[in-house]
Amino acid sequence: MFPMQFTNSAYRQMEPMFAPGPRGQVQPYRPRTKRRQEPQVGNAAIAALANQMSALQLQVAGLAGQARVDRRGPRRVQKSKQKKKNPSNGEKPKEKKKKQKQQEKKGSGGVIKKPRNRPGKEVRISVKRARQSTFPVYHDGAISGYAVLIGSRVFKPAHVKGKIDHPELADIKFQVAEDMDLEAAAYPKSMRDQAAEPATMMDGVYNWEYGTIRVEDNVVIDASGRGKPGDSGRAITDNSGKVVGIVLGGGPDGRRTRLSVIGFDKKMKAREIAYSEAIPWTRAPALLLLPMVIACTYNSNTFDCSKPSCQDCCITAEPKKAMAMLKDNLNDPNYWDLLIAVTTCNSARKKRAVSTSPAAVYDTQILAAHAAASPYRAYCPDCDGTACISPIAIDEVVSSGSDHVLRIRVGSQSGVTAKGGAAGETSLRYLGRDGKVHAADNTRLVVRTTAKCDVLQATGHYILASCPEGQSITVAATLDGTRHQCTTVFEHQVTEKFTRERSKGHHLSDLTKKCTRFSTTPKKSAPYLVDVYDALPISVEISTVVTCNDNQCTVKVPPGTTVKFDKKCKSAAQATVTFTSDSQTFTCEEPVLTAASITQGKPHLRSSMLPSGGKEVKARIPFPFPPETATCRVSVAPLPSITYEESDVLLAGTAKYPVLLTTRNLGFHSNATSEWIQGKYLRRIPVTPQGIELTWGNNAPLHFWSSVRYASGDADAYPWELLVHHTKHHPEYAWAFVGVACGLLVIAVCMFACACNRVRYSLVANTFNPNPPPLTALTAALCCIPGARADQPYLDIIAYLWTNSKVAFGLQCAAPVACVLIVTYALRHCRLCCKSFLGVRGWSALLVILAYVQSCKSYEHTVVVPMDPRAPSYEAVINRNGYDPLKLTIAVNFTVISPTTALEYWTCASVPIVEPPHVGCCTSVSCPSDLSTLHAFTGKAVSDVHCDVHTNVYPLLWGAAHCFCSTENTQVSAVAATVSEFCAQDSERAEAFSVHSSSVTAEVLVTLGEVVTAVHVYVDGVTSARGTDLKIVAGPITTDYSPFDRKVVRIGEEVYNYDWPPYGAGRPGTFGDIQARSTNYVKPNDLYGDIGIEVLQPTNDHVHVAYTYTTSGLLRWLQDAPKPLSVTAPHGCKISANPLLALDCGVGAVPMSINIPDAKFTRKLKDPKPSALKCVVDSCEYGVDYGGAATITYEGHEAGKCGIHSLTPGVPLRTSVVEVVAGANTVKTTFSSPTPEVTLEVEICSAMVTCASECTPPKEHVVATRPRHGSDTGGYISGPAMRWAGGIVGTLAVLFLILAVTYCVVKKCRSKRIRIVKS
């Protein structure tokens, strides 16, 4: 029933059952018995047996590479004639014989030879284990996908509809994932043994049903290419059988098949690795699988486009019929299928292909489709120094302008054989000088600008190459031993949009962004087809097509071409003859044959390097590299080493490639800076208290705040250290104080000098005065002035005043008496005013008011919250009399500024479009009245159209124009401006918006206890919200600030404030040189353009249109590197481009009123009434969130709850609700201090206590989160500084007083001096 494999030990245990009998002993014959009916077992038993067998298989796989010693020693050699074995053991004799031979292989000494590893067997075992946990899902009778049991759940893709084909799993209910294509459900416990173990999907190679799967850089490739609809949900396993993911779908990616999968890890966390072009591999119901009738027409007959009649379809057998069929069905939606059918010719027997994957086959069909067109030769201005008609002429070079990749169109076809079939990458199909189509292998195709380019891919006429910047481009190839090259002028300049890293290497990150690139995956849609027109004749030497022997001439016509030349015989006039058959002969006497040309039978692309040809589209061939919007991976530079020094952030490291460093302040003035850094670097960035945002490359922004101002010195030390500290902490206050003190000191010194001078003269006068003034007595009287101490008791002060100063005593007592009189006067007048309320009506009104107060059902809490999501949350403890406290937290979740915008126009890269020159040979031509009818302009939106007629061109030119007149030749040159083909991609298009008013919205989270309520507030009104028994009234927001100006520009994922020109006022080379408002980005019907086109007179060396124009204004604007709002927006706003929003701007505030019902409060039975509060600060570090620790002890009279919070502004305390017990209580809490000295008032219930302490400086002055404590505005002066300043001011004041008294005394004495007259 199950395949059985055993290890060596298991085989030895069962050896008596299989070993032969003793030598010479004949085994008794046992007749063949009928196999008895095996008992029916349940699903659980089957699952248990299957798991046991799987375990044995894994043991065999694990022991495959190990050698074991046979303990039984050497076994005897078996005879060549094998005995009949009893087949009752359920094993075939041949299989058993094979196993015995494997067991008998030994080396010398009885050691078994080491067998070789068998990784293929391990893979088969792992796939087999995955099958046991995989169940098909049926929908309308067909398998639509699969479900897999992994771990404790069953998984299947969400797009797989139907029921699981298992009785226990058919009716389970799945839960759909929100962000990925996955469903999961719990399965019955009885099936736990069948579940596979999960493993983590990493880069590497894994197994699935059809072969191997390679995972690399979030790209999953199916190496087998055999995935198909109906395989969605199949398991992806590693070699041990553990499931790492399930398949969702797939699609072609060039020549590969790329998958979309769901990957798991060991913890069963799922992630989706999606491919944008993948198709879900679910099988539709049988009813939808009916073949659709896809009708193409030919000769009024309808047929399936993918299966035309092979007698008429093959382009190699019947080229005229095939081309006519393609022409008749150009507008059919299934033209692509018809093109593949007529060029691949499915009826013919083909060689066995090397690769059978759908992507490889599809790529081969794309190359073979070029059989519907022919290569061509065109003018090249520089063929190694001279102009020529080249088979690899460069006809078109296209660049997005934002990267180095170029798309080059040449006249030859890459990857195509001479007959138009698919060939190797080095093959090149070209048109030779003889007018025949050739193919060359090993062409050594080279593309070069200033250096050699990397050729990424070459398909048909188009080459995709990554080139360095330059002013010209060269394409070179070796064709049949001859080296050809063509150089043309093309300014290749990369103008990158705003980017943060310039990495050219492999990206190891998972970060992606939208980008524009050339698609390398052909698709069956109109943008992937290009028109071809009638082939133009090329001039050839007459000897290549006509060979004459006397009068007999033979024309050699290459297959599928037309030969045309001028013939003049002796007896006939000159005539133009045409030949279309393979070979023809004519007779002409003295033939003069000139102007030979060959025209290909199949059409080719229109070229501006050739004259204008036919206007009718003959067919369409694949256009391999149209632009598309894709998801590109970007690099993420390693973060630098970040250290803090004083109030600065230091960045140090080494950047291997240029990385952009941007900074901005989070306040009103952003002061944005940006700098490209490469190599070793060390940058110092100052940090402000408002905060700073630092963005390194493509990493997430980092935010830093200055917790306190950095200052050296010590705030609690000697005067010189105090001076150093305060001059750095608050230099304006410190130096002002020093200046005032020095000024006062100078004045005091001057006064002291003057007083000393006066005293000297007074002493001299006293010496000669017999009655000197009472100077000594007056000076002594100053010392008798009574003093008073502020700490004396109040009654002692009153007694002193009564004794020494009756007036002062009266004034001291007058103040309280006056207060009593004022209060009495107010009460008396209040009684007169309220006399009517003292009766029955007054008492009734009083009772009603008291009843209303008692029936109040809610408690109102009001607060104003700053609108900054980066700010710390607001925390408070609600203390309501008679109730236990409640903790309230309010936090701003996000803010949104949404402007009202109007799209004025969009602009993109402008390109000129050139009509091939219309040459009038020996005649005159003129511009049409309606220039839009010119064939190059049809199907495209054009503006700034210029058309000029040039005379006297190409005199006697024998080239492509075929003009033989000297002066009558004229040419019409037409050039217009149009939008680039990249304009259809959102990331390459700039949109000009006018901004009107803005609406500001914020979401505030209110947490009361364990209940969280979200409230949306607005700038233009009050919001009323209800939570769980809460009523919240919030708003309006106090500001309508918006970072957007009146005019903004959006391009890609960035937004710019830019004053763009109005619609219709663009100028060449500036932003808005090409404008449109239509949503049809390929062909807008309201296109305005002015790119400075000027049509010039063509030179006579070749047929061409000469013109000049100005480079795209958008690219020039991007070259100026404007800074987007994501770098310059104030208040730390995050800018969203689509939709246009400003998020998380830290500006404004919102008032809130919260009505809390009585039901939220718990009534107190007893009031704890804390008393005898004492606070001891255990440690304190200022400038740090909750850097201080305090211990509060108190006595509780009753058991209950008390809220603890701070009453000091700017010093937050960790609010909490504490349990109070009767007796001694201790509470440990933390607080934040912005200053070196802190005095904190803490309230516990209704009791207050003061905590005071000196704090140490913080270790770091820069923090990564916004500080909770208040910012220091510059008014802080430490205690020691105040004491020293007070001492200095007091000393100076005393000195001034002494000097003033001395001056007055001396002045008085000198007024009574005597004159001393010398004899």
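Just so you know, glycine gets a Cβ as well, placed from its N, Cα and C.
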Inset, instruction - Please name the cysteine among Cys296, Cys467, Cys486, Cys515 that Swiss-Prot pairs with Cys380 through a disulfide bond. - result: Cys486
Legend entry - Recorded disulfide counterpart of Cys632 (Swiss-Prot; options Cys515, Cys548, Cys742): Cys515
Inset, instruction - State the disulphide partner of Cys383 as given in Swiss-Prot, choosing from Cys345, Cys388. - result: Cys388
Legend entry - Which of Ser232, Asn239, the listed recorded positions, has fewest other Cβ atoms within 10 Å: Asn239
Legend entry - Cα distance (Å, whole number) from His159 (active site, charge relay system) to Asp181 (active site, charge relay system): 7
Inset, instruction - Can you check which residues sit near Tyr206 (site 'Involved in dimerization of the capsid protein'), meaning Cβ under 8 Å from its Cβ, same chain, 6 or more apart in sequence, and list them in order? - result: Thr212, Ile213, Arg214, Val215, Ile236, Thr237, Asp238, Val244, Gly245
Inset, instruction - Over the topological domain 'Cytoplasmic' (755-791), work out the mean pLDDT and round it to an integer. - result: 51
Legend entry - Sequence-distant neighbours of His159 (active site, charge relay system) in its chain (C-beta under 8 A, six or more apart): Gly145, Asp181, Ser232, Leu248, Pro280, Thr282
Inset, instruction - For Asp181 (active site, charge relay system), list the number of other Cβ atoms lying within 10 Å of its Cβ atom. - result: 19
